[in-house]
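So Swiss-Prot lists the following for this protein:
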- H19, E172: Zn(2+) binding site (BINDING)
- C52-C163: disulfide bond (DISULFID)
- S105: phosphoserine (MOD_RES)
- C180-C188: disulfide bond (DISULFID)
Amino acid sequence: FPAMPLSSLFANAVLRAQHLHQLAADTYKEFERAYIPEGQRYSIQNAQAAFCFSETIPAPTGKDEAQQRSDVELLRFSLVLIQSWLGPLQFLSRVFTNSLVFGTSDRVYEKLKDLEEGIQALMRELEDGSPRAGQILKQTYDKFDTNLRSDDALLKNYGLLSCFKKDLHKAETYLRVMKCRRFVESSCAF
C-alpha cells in the first residue's frame, strides 16, 4: 500500500475484504459440493458453529455492534482475524489440487497478506504510530488436513472453511462500517 489518501486506503481494504470473503464463500460451497453429502450438510454446519476460535475474541458480532466500536478497535479486530488465517492458508492449495475455485487458493494467501498490509497502513494512519495488534490474541487456526480420504479430515477442513468464511465476513463488515462512518456514500446500505 503506497502512500495514498485515507479514503483510498479504506476503499482498497474494503474491496480486498469483499473479494476474499467471496473467495472464501465460493471455496466453502465447492468443498461442500465435492465432499459433503447433501443430507449431512445442515447437521454438520450446526456442529461446526462452536469451533471457530474467533468467537472467543471480544469482537462485535454484527454491523450494529461494530458501529459502537472505535475505528482503531475495529481495525485491530480485523487484523487479528486476518492474521489467524495466514498460517493455515499456506496449506490450502495442497488440500485442493485439482479444482477450479481452489486453483486460486495459492493467491488467497497473497491476497490475505495484502489485506493485512492494508489494515496495518490504516492503523498507522489512524493511530499515528505502528500497529500494536498482537495485544488482543495471538492464536491461529489449525492447518488444513491434506488427507481427504479420512472423514475426520473432511469434517475438519469443512469446519475450517466455515470459520474462514465467517471471519472474513466479520473483517469485511468492520471495514465497511468504518469506511461508511468516515466517508458517507451511497454504498453504505448493506
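Heads up, residue numbers simply count up from 1 along the chain you see.
A Cβ is built for glycine as well, from the same backbone N, Cα and C atoms used for every other residue.
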Specify the nearest of the recorded positions H19, E172, C180 to C163 (disulfide bond), where nearness means the distance between Cα atoms.
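Its closest listed neighbour, by Cα, is E172.
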I'm trying to understand the geometry here, so how far is the Cα atom of E172 (Zn(2+) binding site) from the Cα atom of C180 (disulfide bond), in Å to the nearest whole number?
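If we compare the Cα positions of E172 (Zn(2+) binding site) and C180 (disulfide bond), the gap is 12 Å.
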Just the number: how many Å between the Cα atoms of C52 (disulfide bond) and H19 (Zn(2+) binding site)?
21
Around C163 (disulfide bond), how many other CB atoms lie within 10 A of its CB?
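Here the count is 24.
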Let's check the environment of C52 (disulfide bond): how many other CB atoms sit within 10 Å of its CB?
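Other Cβ atoms found within 10 Å: 20.
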Counting Cβ neighbours within 10 Å across all chains shown, tell me which of the binding-site residues H19, E172 comes out on top.
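Sorting the candidates by Cβ neighbours within 10 Å, the top entry is E172.
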Please work out the number of neighbouring Cβ atoms within 10 Å of the Cβ of C180 (disulfide bond), leaving out its own Cβ.
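So the number of other Cβ atoms within 10 Å of C180 (disulfide bond) is 18.
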Compute the C-alpha separation of C180 (disulfide bond) from H19 (Zn(2+) binding site), stating it in Å without decimals.
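Rounded to the nearest whole number, the Cα-Cα distance is 18 Å.
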